[in-house]
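Contents: one structure, followed by commentary.
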Amino acid sequence: MRKIEFFDTSLRDGEQTPGVIFSIAEKVTIAKQLEKWGISVIEAGFPAASPDSFEAVKQISKALKETAVTALARCVITDIDKAVEAVREAQHPQIHVFIATSPIHMKYKFKISPDEVLKTIDKCVRHAHEQVEVVEFSPEDATRTEPEFLLKAVQTAVDAGATYINIPDTVGYTTPEEYGKIFKMLIDNIKADREIIFSPHCHDDLGMAVANSLAAIKAGAGRVEGTVNGIGERAGNAAIEEIAVALHIRKDYYQAKSPLVLAETMATAELISQFSGIAIPKNKAVVGANAFAHESGIHQDGVLKNAETYEIISPELVGIKHNSLPLGKLSGRHAFTEKLTELNISYDAKELPNLFERFKRLADKKKEITDADIHALFTGETVKNLAGFILNNVQIDGHKALVELKNQDAEIYVSQGEGSGSVDAIFQAIDKVFNYQLKLISYSVDAVTNGIDAQATTVVSVENLATGTIFNAKGVDYDVLKGSAIAYMNANVLVQKENSQGKVEQISAHDGI
């Protein structure tokens, strides 16, 4: 049975979701979890886009041991050189180059001829292959490219040294039947003296990203690309967890399997949700809260008698398990570290005293600490440590608020605000510290643990009126007002960074596949 490689682009294409900005520390944490999950290759970023993107790829390259790391580059020599430099320290480096091949992109986006595109492919793939052995080529907007020219473009890339050929459905235009035919045409006609592995990269504009990806695998693709929870610009990307579970449940049909440790699926999905600030829809396949819930009495009766009557996926398969070792205020450091090990949570030993101290403070507030609490505690710590400012204190008196912030130079800022309510007052006080022109687009609170004493994630979306950039920022705390203050403070830190360094993404977010 064929083993399909899984290529995760949550850190690159997923970060193109409006408002989603992962810090470098968050990206490294996510990458380590993706490696634990069994992902074959991680697209860590677009190094030419910004200094932060370059540094993130570099740090991830150093951190991973088994999973390959790739970096995206346009078919531009300087882009490729940046990508090569960024992955230089990876154990298994790869480079991913792309150029658009559809008539509409060549005519209106690049204003170049098909012959010029072919020459550029040959030049840039050769340049990449001279420096890194494994090169992937993507003809952007492949599904709207004329078949004859698509074949020429792919053959040119293969002749120049590409080992992987990715066929992006950039605008989510194709259907499963059409997409399968494209793969069959390429697999049957591309000439090479070595194995060439084809992969789908699907967007979900028509709601068919996962179906299209599976159709490509059925047609012979050996690798599949996607993101955790299907995050991505517009309607998102193919959800990797859905593809992996579909291959597992229907291996009889696809005759293929994934390399993923499926028991790590829920932990991975929750981590991405926490760091992106995008809640997992309750009715989402595989990882949604309702995926294993049964309202109908007939269904409930059937499941109680035999779970397979209405469940084709067991909760345990994707890592949903009962809280086997609950913690409380009397639990010691050993029990806490044992729980981190049980939950497969990676952490730096230097972080342990601070994490344990936060655990003890939480235990004073909650009678019983659940697994979800521990995950929230861990992700909240990463969010809290967003470089720039720390919330020392927040006090509320009716419609008035006092906040105390500390910057990375240990300078203390105390500010007061007055608003229509407690949250508005907090935001007004924080505005006086930073004094940026922001527009609050959305504010939401989502309980990440159960019970009246639950921890919650507060997410704010703000627009930097100086640039038009939208940022999502998070705050995790059992005190909703404190979580709100952390989230809004972090949003201001992101705006501060953009205003001081110039636009975070100097290359358009639409420069991708």
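Each residue, glycine too, has its Cβ placed from N, Cα and C.
Quick look at what Swiss-Prot annotates:
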DOMAIN    4-266  domain 'Pyruvate carboxyltransferase'
BINDING   D13, H201, H203, N237  Mn(2+) binding site
REGION    390-513  region 'Regulatory domain'
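Taking the features listed in Swiss-Prot, we show where each one sits on the structure.
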| residue | record | Cβ neighbours (10 Å) |
| --- | --- | --- |
| D13 | Mn(2+) binding site | 26 |
| H201 | Mn(2+) binding site | 29 |
| H203 | Mn(2+) binding site | 26 |
| N237 | Mn(2+) binding site | 31 |
What does the DSSP secondary structure composition of the region 'Regulatory domain' (390-513) look like, as residue counts for helix, strand and coil? 35 helix, 50 strand, 39 coil
Cβ within 8 Å of the Mn(2+) site centroid (D13, H201, H203, N237 excluded): which residues? T9, P168, D169, T170, C202, A209, E225, G226, T227, G232, G236, A238, I513
Averaged over the region 'Regulatory domain' (390-513), what pLDDT does the predicted model reach? 86
